[in-house]
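*Asks:* So that we are looking at the same thing, I have put the structure below in structure tokens.
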Amino acid sequence: MNIIKVQDYDEMGSVTADYVSEKIQDNPEMTLGLATGSTPKSTYKHLIEAHQKGTSFKHITTFNLDEYVGLKPNDPNSYHYYMNKFFFQHIDIPSEKAHLPNGHSRNISQECEEYEKKIKSHMIDLQILGIGANGHIGFNEPGTSFESNTHVVELADSTRRANARFFSSLEEVPTHAITMGIASIMSSKEIVLLVSGEAKSEALERLLSGEEPNESFPASILRSHPHVTIIADKEALMGTGIKL
Ligand code: GLP
């Protein structure tokens, strides 16, 4: 795993956006895997700026990692809404090329199967990932099988609490989500993991500690992927022994 060290959250966004923009220039029809949460927001901000300076997203295809079950796409807490607000509506990607799982489908297991099929038919060239404080990637909580494809998960209490800041109350945070599985994520040709802030420092330390991949710490699987770049800021690196 390569590590790119950055000073702060904003620099993480600009470095990641430059990295992604270069990949798009090399391959304008690439397939990009996208994440939500607080971490990638600065990346989207800088990618929008890149678009204003000429980068086109017209021919790329995107797949998001996850979506809450039970929220309609126009619900302000859904990841559909998030992606439109923070990224898609500001760039030139045709809406039919931007894929997210449909958490409001009547048949959630069928939705998972279809989403997985779509991912497999495209092959993700570059997947952007965040990490949960408990090591989750996407919504794959500790204990998730490394063989998992897109599936429904019951969210860990700690994850619901961590994400409650986006909702008016903890009760409103959905109990379930659809997420790409660990195997779906690992099938990406390349992965860029973004780690920002002190709250993620323990998880980053554990990831870098040399621990063998094990299902109790989902992010540990990344150690066995051939092409992972971690972009981490100073606060996240604190405690890992890695100096900027
Ligand atoms: C969320 C998302 C993940 C995200 C992670 C970290 O629950 N499902 O895809 O990477 O947890 O979120 P944040 O960036 O807000 O800390």
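For all residues, glycine too, the Cβ spot is worked out from N, Cα and C.
As the structure is a computational prediction, the values presented were derived from the model and not from experiment.
Under the heading domain 'Glucosamine/galactosamine-6-phosphate isomerase', TrEMBL lists 14-224. Per TrEMBL, active site, proton acceptor is recorded for Asp66, His136. TrEMBL lists Asn134, Glu141 with the feature active site, for ring-opening step.
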*Asks:* Name the residue among the active-site residues Asp66, His136 whose Cβ has the smallest number of other Cβ atoms within 10 Å.
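*Replies:* Each of the active-site residues Asp66, His136 was scored by Cβ atoms within 10 Å; lowest is Asp66.
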*Asks:* Out of Asp66, Asn134, Glu141, which active-site residues have CB atoms lying under 6 Å from ligand 1?
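*Replies:* Near the molecule: Asp66.
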*Asks:* Name the residues of the same chain, 6+ apart in sequence, whose Cβ is under 8 Å from the Cβ of Glu141 (active site, for ring-opening step)?
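*Replies:* Gly132, Asn134, Val153, Leu155, Ala156, Thr159, Pro218 - these are the non-local Cβ neighbours of Glu141 (active site, for ring-opening step), listed in sequence order.
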*Asks:* Is it possible to get the count of other C-beta atoms within 10 angstroms of the C-beta of Asn134 (active site, for ring-opening step)?
*Replies:* 18
*Asks:* With H, G and I counted as helix, E and B as strand and the rest as coil, say where DSSP puts Asp66 (active site, proton acceptor).
*Replies:* strand
